[in-house]
Amino acid sequence: METVIASYGDTSSDSESDSRPAIVVADNRSSPAATLPPPPIDLLNSPKTLGTSGYWERNRGSRIRSFPHIEGNFALHVYIPVFIPSERKKELAPFLKKATSVVRGLHVVDIDVPLLMLLKDEEKLVQAALGREFHISLGRTVPIRVHQIDSVVTMLRQKLQFQKQYLIDFTKWEVFVNDDKTRTFLSIENTAGGLAEITKQIQAVNEVYQLHNLPKFYKDPRPHISIAWAVGDISQSLKQVVDGEMNIRINAGGLSTANCLSCPYSACFL
């Protein structure tokens, strides 16, 4: 058994955006040196297109595990998938370019391509950095044993299946650092619409985790999606760039949510 996925919500709708579920993934990595898959071909064509093949070969082992690999363990992650609306992607690209020019160690989340390699081609920057599935975590990524999977998935389905669709609003750039301070993330935080609903879902996941002796989520969760990452704790330098951008937007009245799209599990990025 490689992967177990459970979902909730009404998936009978004709609208693709109306069927975005919360996802439960239990993934068993057979090797402690397991590496990430290459980026999708339809986004970047091939590694050579960006001159990144040598970079990937040199940096395959750059990720640090949050918990040790143990044979028979599955990594459990519960999250809401999020896609950035197409009309908002190009509006976010200028700040990504600005942040990358100041903090040069930023990488695209998941595919780990340095953003510096994308600065000269805005179309690829938008596709690679913003044209993919992001996620809002509803619980910590934790190891579970194979005999726990059915119980965890069943309980999560029971807890989450009656959640009605709602709008998630992202309007704030923010910086986060992981617990062991090995990576810093450039993220967009949910601070308004959808926050109450996400908080309730996190509480539901916490209840299931607690019944299985798994660690609960952060005491004061701050739902967000991560756009880029860098090695180590560079939060101070990245925070300066973010704070400057947020001040510009506030002064320009750019944080209004009046033009938000009314689509569940998606957001208006302003």
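Residue positions begin at 1 at the first shown residue.
Quick reminder: no glycine exception, Cβ is built from N, Cα and C everywhere.
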Students should find that the region 'Disordered' stretch in TrEMBL, chosen from 1-23, 231-253, is 1-23
Smallest number of other CB atoms within 10 Å: among the active-site residues His135, His224, that is His135
